[in-house]
Amino acid sequence: MEASITVLLFAFTKVASSLYYEGSGHSDGEIQTNEVYVESRPLGPYRAPRWCYDLHISDGEATCYSPLGPRYRSTLGTRCRLSCDQGFKLIGQSSVQCLSSRRWSGNGHCRRIQCHVLPPIFYGSYHCSVGVSEGSRCDYSCAPGYMVEGDRSRICMEDGQWSGGEPVCVDLDPPKIQCPVSRMKVAEPEKLTARIFWGNPQVKDSADGVITRVFLRGPEPGSELPEGEHVIRYTAYDRAHNRASCKFIVKVQVRRCPDLTPPLHGYLTCSAAGNNYGATCEYHCEGGYERQGPAARVCQFSQNWAGTPSTCTPMLINVNVNSAGAFIDQFFEKQRLLFISSPSSSDRYYRMQTTALQSSGCGLEQRHVLIVELIGESPREVGRVRNQQLSKELIEELRQVLRISRSYFNMVLIDKHGVDRDRYRQPTASEDIFLFIDTYLLSPRELSQVESNKENCD
């Protein structure tokens, strides 16, 4: 009996050994090193049989359930669920069963989850925590002058895809611009303006260094600028249309002297603005007055007038001259002369004329008209101007030079340049004489004075 049992066991062992063939998942003493492998071990006792070899999965876990209980992991009918560690993905079947053929119904292995390599980003870069593995976080940064637009970080997900979208580096930083310093310049002599120059602004783009346009708002360098403050603005644009502006002030200063006071019985004529640096003011006296002092004064850079003020004093008439020309020349640009000649002081025309002029003294003075009388015939002729008497020789020469008749009444009007302007052979109303003077002889300034003082004369 015992011999029979021994023979049967030996025969069963031979049969069992013949079932181990290549590809069956069984081998003598073999340990597989692939990601899912079967550990070779000899068959245990019958009461703890291992029909299939134990499952091992690299970077994962096999959870098995046997009909005989938790102690049995590879008995016939055992089911195992395969899973992978974090960051790995199962390739193959997720559940296998130990079959009667001593094989597992399938196999699987764990592959590391990886995302594709992110493309480079223009004007920037990215840094990833663990490369392209699952869970890796890639943070984007941009070159100086650029900013990230879009997702600043992307994470490699479990499905092997990156979260979010691909960002870009955009130039949002405006260029740097620095204007020239503000400046002030004194207006040029006799001018209310100054020509001012300045350099170009300093412009730099913090991104790619390219400045496309620079605009100027205001006058150009080298412009002739009037008195006051002028704001100069520059605006620069980079290639991304970002802009930056700066401004500075250009000031033109006009140095001025105190206003001059016109002399009594006189007036001033000034160049430029009248009291600015370099302006010249000339003194003038009204008819019948002479200037005492300098003819002009100049406003200096120190804002003071050169010289001393002038005055206007009554004109001194010199009747002790040797010729008619010398007599008339002393009134040059000072007085107009109205010569009245009559054969006698009792002449009717003479008396009518003098009566009319006596009531028009204000009008004559306003128009700078001085009356010179030549009365009578030689040797009893009389000549006078104001309260001064003329010599007989001067009377005779004046009549000859001016071609004035001794035998009848006549008048001659001489302008301030000694030119014969009009003649009268009959008594003439003062208004008619004044109308001729106002129309043809008065300067615009003199006419304005006559109009402004008209009420005083009336």
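Placed from the backbone N, Cα and C atoms, the Cβ positions cover glycine too.
The disulfide bond annotation in Swiss-Prot covers Cys64-Cys98, Cys84-Cys110, Cys115-Cys156, Cys142-Cys169, Cys257-Cys299, Cys285-Cys312. Taken from Swiss-Prot, the feature domain 'Sushi 1' covers 62-112, and the record attributes it to sequence analysis. As annotated by Swiss-Prot, domain 'Sushi 2' applies to 113-171, with the evidence given as sequence analysis. The feature domain 'HYR' is assigned by Swiss-Prot to 170-254, with sequence analysis given as support. Per Swiss-Prot, signal peptide is recorded for 1-18, and the stated evidence type is sequence analysis.
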Checklist line | Intrachain C-beta neighbours of Cys156 (disulfide bond), sequence separation six or more, cut-off 8 angstroms | finding: Ile113, Gln114, Cys115, Val132, Ser133, Glu134, Gly135, Ser136, Arg137, Cys138, Trp162, Ser163
Notebook entry, point to check: Of all the disulfide-bonded residues given, namely Cys84, Cys257, Cys299, which is spatially nearest to Cys169 (disulfide bond) at the Cα level?
Noted result: Cys84
Next item on the list: Take the C-alpha atoms of Cys312 (disulfide bond) and Cys84 (disulfide bond) and report the distance between them in angstrom, rounded.
Entry: 120
Check: What counts of helix, strand and coil residues does DSSP assign across the domain 'HYR' (170-254)?
Finding: 0 helix, 48 strand, 37 coil
Notebook entry, point to check: Counting every protein chain present, what is the number of Cβ atoms, excluding its own, within 10 Å of the Cβ of Cys142 (disulfide bond)?
Noted result: 23
Checklist line | Among Cys64, Cys98, Cys257, Cys299, which are recorded as disulfide-bonded residues, the nearest neighbour of Cys110 (disulfide bond) by Cα | finding: Cys64
Check: When the number of other CB atoms within 10 A of each residue's CB is tallied over all shown chains, which of the disulfide-bonded residues Cys64, Cys110, Cys115, Cys299, Cys312 has the maximum?
Finding: Cys299
Check: Any idea which of the disulfide-bonded residues Cys98, Cys257 has the thinnest Cβ neighbourhood at 10 Å?
Finding: Cys257
Check: What's the CA-CA gap between Cys64 (disulfide bond) and Cys257 (disulfide bond) in angstrom, rounded?
Finding: 112
Item checked: Helix, strand and coil counts within the domain 'Sushi 1' (62-112) (DSSP) -> 0 helix, 25 strand, 26 coil
Next item on the list: Write down the Cα-Cα distance for Cys84 (disulfide bond) and Cys142 (disulfide bond), rounded and given in Å.
Entry: 37
Note to self: Measuring Cα to Cα, how far is Cys84 (disulfide bond) from Cys285 (disulfide bond) in Å?
What the structure shows: 119
